[in-house]
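Working notes for the structure below.
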Amino acid sequence: METFVVILSEKLGTFFDLTFHNLCPNKRSPIFGDFMRNVYEDMTDMGVLKAEMERALADYNRTPGVVPMRLVLFRDAIEHITRIVRVISQPRGNMLLVGIGGSGRQSLARLSSSICEYYTFQIEVSRQYRKQEFREDIKKLYRQTGVDQKPTTFLFVDTQIADECFLEDINNILSSGEVPNLYKPEEFEEIQSNIIEAARAEGVQESLDSLFAYLIERVRNNLHVVLCLSPVGDPFRNRIRQYPALVNCTTIDWFSEWPKDALLEVAEKYLEGVDLGSVEKGSLDTMHKRVAKIFVTMHWSVARYSQKMWLELRRHNYVTPTNYLELVSGYKKLLAEKRKELSDQVNKLRNGLFKIDETREKVEVMTVELEEARKKVAEFQKQCEEYLVIIVQQKREADEQQKTVTANSEKIAAEEIKCKALADNAQKDLEEALPALEEAMKALESLNKKDLTEIKSYGRPPTLVETVMQAVMILRGNEPTWAEAKKQLGEPNFIKQLVYFDKDNISDKVLKKISAYCSQPDFQPDIIGRVSVAAKSLCMWVRAMEMYGRIYRVVEPKRARMNAALAQLAEKQAAQAEAQERLREVAEKLEMLKKEYEEKLAQKEELRKKSEEMEIKLDRADKLVSGLAGERVRWEETVKGLEEDLGYLVGDCLMAAAFVSYMGPFLSNYRDEIVSHIWIKQIRELHVPCSPRFTCDSFLSNPTIVRTWNIQGLPSDNFSTENGIIVTRGNRWPLMIDPQCQASKWIKNMETKRGLKIIDLQMPDYLRVLEAAIQMGSPVLLQNVQEELDPTLAPILNKSVTRVGARLLIRLGDKEVDYHPEFRFYLTTKLPNPHYTPETSSQTTIVNFAVKEQAQLLGIVVRRERPELEEQKDHLVLNIAAGKRKLKDLEDEILRLLNEATGSLLDDVQLVNTLQTSKVIATDVTEQLETSETTEIKIDTAREAYRPCAQRASILFFVLNDMGWIDPMYQFSLDAYIDLFNLSITKSHRSAKLEERIRFLNEYHTYAVYRYTCRGLFERHKLLFSFHMCAKILEASGNLKMDEYNFFLRGGVVLDREGQMDNPCTSWLADTYWDNITELDKLTNFHGIMNSFEQYPRDWNLWYTSSKPEKAILPGEWENSCNQMQRMLVVRSLRPDRVSFCVTAFIVSNLGSQFIEPPVLNMKSVVDDSTTKTPLIFVLSPGVDPTSSLLQLAEQSGMSQRFHALSLGQGQAPIATRMIKDGVQQGNWVFLANCHLSLSWMPQLDKLVEQLQVEEPHPSFRLWLSSSPHPDFPISILQAGIKMTTEPPTGLKANMKRLYQLITEPQFNRCTKPAKYKKLLFALCFFHSILLERKKFLQLGWNIIYGFNDSDFEVSENLLSLYLDEYEETPWDALKYLIAGVNYGGHVTDDWDRRLLTTYINDFFCEQSILAPAYKLSALDTYYIPKDGNLASYKEYISLLPGMDPPEAFGQHPNADVASQITEARTLFETLLSLQPQTTPSGVAGQSREDKVLELSADVLSKIPEEIDYEGTCKVLSTDPSPLNVVLLQEIQRYNSLLQVIRSSLVELEKGIQGLVVMSTDLEEIFNCIFDARVPPMWERAYPSQKPLAAWTRDLGQRVEQFTRWANTAHPPVLFWLSGFTFPTGFLTAVLQAAARMNNISVDTLSWEFIVSTVDDNNLVYPPKEGVWVRGLYLEGAGWDKKSSCLVEAEPMQLVCPIPTIHFKPVENKKKSGKGMYACPCYYYPNRAGASGRPSFVIGIDLKSGAMPPDHWIKRGTALLMSLDN
């Protein structure tokens, strides 16, 4: 940016005479846009612009179906939006937004798209989403833009790249709009039909091609691609290189880190309206500003520490704006929640206190009330007694009256009975007449006018009718004539009168008359009825009347008597009633008195009860007030405390929210440092209120919860508790780094009762399970995730939940699912150090569950050693926890009752009882707690005694853990380790003395760990493991000075050469060693060591050249002043080759000799150690196959019939799965070889092994696996299993031992010539071992490493036995040829190696070896062929051989070991260093990689010589086309082209670093090489070299100088520096050609003679007559005697020595080189095998072999080198 502003200012000045400052006074670039008023303008008013943007955002959020965005639009965000809008509102404008995940790229792109009124199109990546699905989406997009003409933004994020081919398509969309083969013909037809109308209108041809082009045209006009890529890691670079349109066809916008003011603004915006309290008077800022400031510090500090953690531990952690937003919103949420929680508690307590005070007031009122009540009771008592007297008197009177009335009543009752009898009698008579009467009445009623008229109509009535009518008339008192009758019948009321006839008063006279009628025989109704119906009725009436009249005569007198009796009775009854009334009045009065009496009694009773109640209440009140008095004091204190806490919340929540948001990925030391050194410090500085003793665990959880977690399996240390809090309180779902499965164990136990679902990404239906869980609200644990998370999980991780009405919905893939708010999601990974992208970091809360110093190990020791203590401790912990919980519950219960109490507390019996019991319980519990806590202190002291064991066990576990960094296969599980620890406790020696017991246990366990681990380590790591273990144990006990240990690992690094003292011993002491000494001098114990080199140079030289300097006496006072570690530092500084010997001795003296003798792998015992659940894993190394030894083991164990082996590879997975399943059921041994060839199947295998842990396999079942080390091999299998390394044994002794192990007794005794056979067999074994072991001498061993193997030995052994049996005479030539020439020689491709092989076989297979007793196999006395004996005696002899092979055993010089030992030491240091936290030397930290490379490349560029003038030289030499001149021109060409390559690549590199050209892969390689000070491979094409960059550059200068001089003078040099030629063989051929021409002979007859000069080079002034002088060669593997001009032994520590100038002289027909000459190969550079396509060998040079035979030098590997490594 700065550069841009500078260029801009320059141009403004040049062309417009303006400065940038004039245009933009605030140094911010102007903002242009056209979305405010549809005019493209400079938007100067930030406020208006911001308001407009916020309106646009609100519009966007109101759009249905979108997930609303909460954005704070600070200046940078607004600038980004205007940029995106500006680009995408232009036709075909596309954007590339570069920034880390969570920096707002997508949100701003969506908002910008909405401002432009475009649709936003985004793909939904699911698990199966690949090219096919992507193409379908592209078709949708093309339809939307090309057919429907909808302007669309295609938003594409790099996390959606499920397949790299997506980018290829996007590259095409950007560059041409065409995606090849997108449409099938029929698909395009449909589209064609949709666009053809529009195409016609625009005059487009109707051919397929033009329509397709028209579609693409429309798509491009409506489509804007916005790509969001993250610049983290390599993919970004590679993608931009691969797909140029990503850069060429887009406008790039970088989203850099949010600036501090943006962070501030965001924080302030989020904090608006939150009450944070006020600041002290006179302060200018507000509390909001301060809190916002702290937020920013927190964010930046975490970013800084993430950097630090990467440098020190190589652990990645990214801090994105998302984390920051979560921190701020999390803070608000937490603050509100905590405020509510605390105020609720305060209110509860306050309410309690209020109720207590209220009760006290009530008690005072009640005491007064009670006195009054007592008085009233006495008064009422008196009144009641008076009433009682009156009542008794009145009762007596009433009783008298009652008696009289009763007697009267009885008399009246008797009379009543008599009257009733009279009445009954009369009534009975009457009842006889009544039926006839009723019938007559009925008959009358049935008559009507017609009937009467009928009678009336008779002029002369029938007799009977007349008779009837007469009777009627008589009764009525009329004239009994027909005429009268007719007249009467005419009367209207005739019948009515008959009905109501006064029948009671018929006179006797009338009655008599009628009786006469009635007694006539035919005066019967039936008879009359025959004549007339009406007459019949009237007849009936007459008869009835007559009957009634007759009876009535009898009844009447009876009635009169009855009436008289009744009248008398009524009088008596009236008198009786009066008496009764009087009686009732008396009774009423009496009742009233009684009632009043009872009322008084009740009142008295009530008052008595009331006063009793009051007394009870007062008693209760007393209890209440005294009971709550204690609570009151405590509650008042608590309220005070809580109110204080409420005041501190602003700061406390700040710390807690930040802790939860940011601290997950950090280890505890980083956490503590960040919190205490940065956060708390700033909170205090800015005077933000915060608790003085804030801790995250006490603030965010309570001991009860933590205790529950511990029971559920969360380790009990602080670090794990913090992790538990982060997991349960974090806003995002937790992703736990959990190599030891502690987290998953805890989660499983914690969530089981809520129906936990466990899934992993290998399950075919995991999405279905997840979906169901989201709907049901079950928790889900996703196990074993790798570094890439499935994109399908994104909506869940982002919690992209939309609210539709009352429903919460989440979109998974292509469907909407109901989202249950109770849903929980946990993720775990077993990778110990995964690298998650910033996207993943912002989607999840990464929590590092790295194992901490184990508190649980202490528990294990104590539980086994003092079970009663541990039980007591457990018991106590539970008791204390339960007690505290009980107290808390009681208090809560009291508070609840107080809160819920309505009315007076004094009536609340439950409350008083609860108080009583709680009082008792509280006292008990408090006492218990006190005793428990004191007991706990005692127990802890007793337990502490065992701390050393736990500490040692812990150290050893972390040493094991460290091994995982060295090799991916070294993974150990905590559970298995704890089992081992338990075993050690059981098996180790006991003792009554505690100190002794602890010592025994520690020693036993340390060795047990060594033994257990060694079988799974490669040889090369076993010493390292012992030393690391030793160092860690010493460090813990404080017996290791860390500055000395660090120097031991790092050596001396001199940063400032200016101030360094000059090396006083340049002749023998290399500068690197002198650097070590000058730095060593700075350590406390070594001041003055530098000067002692000036004082005692001779003594130091003697020490330096001694064969075992670690045992030699140190010069001067240093011998006495150095302890063992300090002696090691001196050895490390000067003789790194002896470091491993020092280390070995150091381990022996600190741990014991058993720690440097790894136990031999015993497979039988491994099987015994294993269970059906433990896989047995062979870690493979080249050249060893465990199958045969496994088969052997199966035979011994009787499993050979049930042994099933399978080599994994393509298509073998289903077979393997079936084999395991069968094996589990049938109890087979299943061996799956070469797991590294089937890595894609490993997750399945992992699940099968996990299955074994749960099910119960057949007890004989074992699963054997073998794999080469590979980082993708499942960690959990390695943790669950027993690991064994298989590798060839190292050392002659081990190899011989193994070969003799292969030979069986019958084999050993089968040969008919045992004497010869046994000796030659031993020689053969030795020969085989020598060949194998010789490779450790690197270049001095073999030129090429060969894979000699057991079958070579077995075939040779067979041949030996066969040929000895066949021939009497030993057939030496045949044996030697077959064994060395054919069998072993078949491997050998290098002639010089073959010469070595022959030399050895000649030494070992000769007559002497059979005849001579104890024939020596080397210059040493140790190795000889032992005397005859049985197989066991040979094995016995071998076991006595030395464990470390002296070089002389191979015919090598002691110096030969030096190179390999230095390499070994370097590896040891580098490996141990990689286990230390990396610290950056303070001086170097400032420079970035780029700066360093720029500096180095400029330096190289300045040192590169100028090109040689080829054209000029051609002209000069054109007259003399001699072979040498041709060689010169060829060399010039080669060097010139190399110099051009170097120059151009360095210039390009500089441009690449400055960003002016794209960094191609070649440039990147050059960049990395220069940074590592290596020579880029591109430059090494001219000639091979192993020199580091600086030395190589100097060497190049010298090479070019030789040819420049030659070209300039046009004369060949006198001494040729052969090493300077790129093709020395070409030069030598040219010399031979020149000699042939000069002497006129055929070049084929010429060969070389070599004469080594005995004079100094400055005496060689003229070229020799024939041939050339060659200088600058080095002799390796021998020394040179200048006087005698022959080979001699090298000086100690002299690895190479320069050889004087050699005269290469062409001679004709030279004889074979004579005796005493060693044909010495000459190599171009130290790598004798050469590199691809370019052999290193140049020529064989004959040298005098001196006192030793040539064979001696052959075994020494003596050779000439043209150039060295440095």
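Note: Cβ is positioned from N, Cα and C throughout, glycine not excepted.
The stretch that TrEMBL tags with coiled coil, taken from the ranges 332-390, 450-508, 1158-1216, is 332-390. In TrEMBL, the coiled coil annotation falls on 873-900 of the listed ranges 873-900, 1237-1264, 1573-1600.
For the domain 'Dynein heavy chain AAA lid' (1317-1456), the DSSP counts in helix, strand and coil order read 89 helix, 2 strand, 49 coil. For the coiled coil (873-900), the list of distant contacts is 348-349, 351-352, 355-356, 628, 631, 703-704, 707, 862, 908, 910-911, 914-915, 918, 921-922, 925-926, 928-929, 932-933, 935-936, 939-940, 943: same-chain residues at least six beyond its ends, Cβ to Cβ under 8 Å. Across 69-334, 707-925, 1172-1285, 1463-1762, the stretch most heavily in contact with the domain 'Dynein heavy chain AAA lid' (1317-1456), judged by Cβ pairs under 8 Å, is 1463-1762. Relative to the domain 'Dynein heavy chain AAA module D4' (69-334), the listed stretch 707-925 leads the set 348-681, 707-925, 1172-1285, 1463-1762 in CB pairs under 8 A.
Residue counts for the domain 'Dynein heavy chain region D6 P-loop' (1172-1285) under DSSP, helix first, then strand, then coil, are 53 helix, 24 strand, 37 coil. Summarising model confidence by region, the domain 'Dynein heavy chain AAA lid' (1317-1456) averages a pLDDT of 92.
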